[in-house]
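Notes follow once the structure below has been shown.
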Amino acid sequence: MMKELLMNNMLNDVPTPWAMYFQDSATPNMEGIMELHNNVVFYLIIMLCFVTYMLYNISTVYNKSAVAYKYMNHGQFIEMVWTTFPAVMLLIMAFPSFMLLYICDEVMAPAMTIKAMGLQWYWKYEYSDFMDEKGETIEFESYIIPEDLLEDGQLRMLDVDASVVCPVDTHIRFIVTSADVIHDFCMPSLGIKIDAAPGRLNQTSALIQREGVYYGQCSELCGVMHSAMPIKIEVVPTADFLTWIDEQ
């Protein structure tokens, strides 16, 4: 347990006080989201500098003379600049954004499927590709561990009694739904945030590229115990995953 906590802190895979940036990415989708964010912030800084310069220039020029504005009737060049420049910036930001949106939304040839169902106020998981000894689909419920029952190294409001186990370097499809109200299945390090709506099956995928323990939470206000719906995913080698499946 202490080893897991140490690795999570080293890799920034858990929420931390006063955090100002993303958790470390563990999937290509999350890596793309972080890269898009950094690029957009860079373009916004350029636009901010340009607008600030224009405001400063105008305020200093017209501050020198109360009648200076009378001698400027047209400014076709500046009008062209303030029309063309924002349009080009928007196109530069829009194309990578749309590409990433469609890539994250596309689920192609997954190796396995995990179904997550949100309920007030816990999660229910189903491994539809695997059967237990009785010939039934492997499924279990996951509840938050109360604060007074936490052991050393476990995280308050994040640890659960039964975590999702996934194999590393495997294309996994997550099918998300709800049995009552709208929930949201959110895993920051994996770049997953998808609504769990009753009567609807939403899907997304993840290729988790490193082992570790990842935490998420329900990110849709779903009732008085909304904060008591954490998500915990343990990513292990394929051999360990198969051993875990055999034990279910």
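Glycine residues also receive a Cβ, built from the backbone N, Cα and C atoms like all the rest.
Quick look at what Swiss-Prot annotates:
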{"type": "TOPO_DOM", "residues": "1-39", "note": "topological domain 'Mitochondrial intermembrane'"}
{"type": "TRANSMEM", "residues": "40-56", "note": "transmembrane segment"}
{"type": "TOPO_DOM", "residues": "57-87", "note": "topological domain 'Mitochondrial matrix'"}
{"type": "TRANSMEM", "residues": "88-104", "note": "transmembrane segment"}
{"type": "TOPO_DOM", "residues": "105-248", "note": "topological domain 'Mitochondrial intermembrane'"}
{"type": "BINDING", "residues": "H183, C218, C222, M229", "note": "Cu cation A1 binding site"}
{"type": "BINDING", "residues": "C218, E220, C222, H226", "note": "Cu cation A2 binding site"}
{"type": "BINDING", "residues": "E220", "note": "Mg(2+) binding site"}
Fill in the blank from the handout: Cβ proximity for H183 (Cu cation A1 binding site), under 8 A, sequence spacing 6+, ordered by residue number, returns G118, D195, A196, C218, E220, C222, M229
Completion exercise
Within 8 Å of the Cβ centroid of H183, C218, C222, M229, the other same-chain residues by Cβ around the recorded Cu cation A1 site are G118, Q120, W121, D184, A196, Q217, S219, E220, G223, H226
Problem - Non-local residues, at least 6 beyond the ends, that sit with Cβ under 8 Å of the transmembrane segment (40-56) - result: 82, 85-86, 89, 92-93, 97
Handout entry: Spatial neighbours, same chain, of H226 (Cu cation A2 binding site) - Cβ under 8 Å, 6+ residues apart
Key = W121, C218, E220
Completion exercise
What DSSP gives for H226 (Cu cation A2 binding site), in three states, is helix
Problem - Protein Cβ atoms within 10 Å of M229 (Cu cation A1 binding site), excluding its own - result: 29
Problem - Candidate with sparsest Cβ neighbourhood (10 Å radius) among C218, C222, the listed binding-site residues - result: C222
Fill in the blank from the handout: Using a 10 Å radius on the Cβ of E220 (Cu cation A2 binding site), the other Cβ atoms enclosed count 19
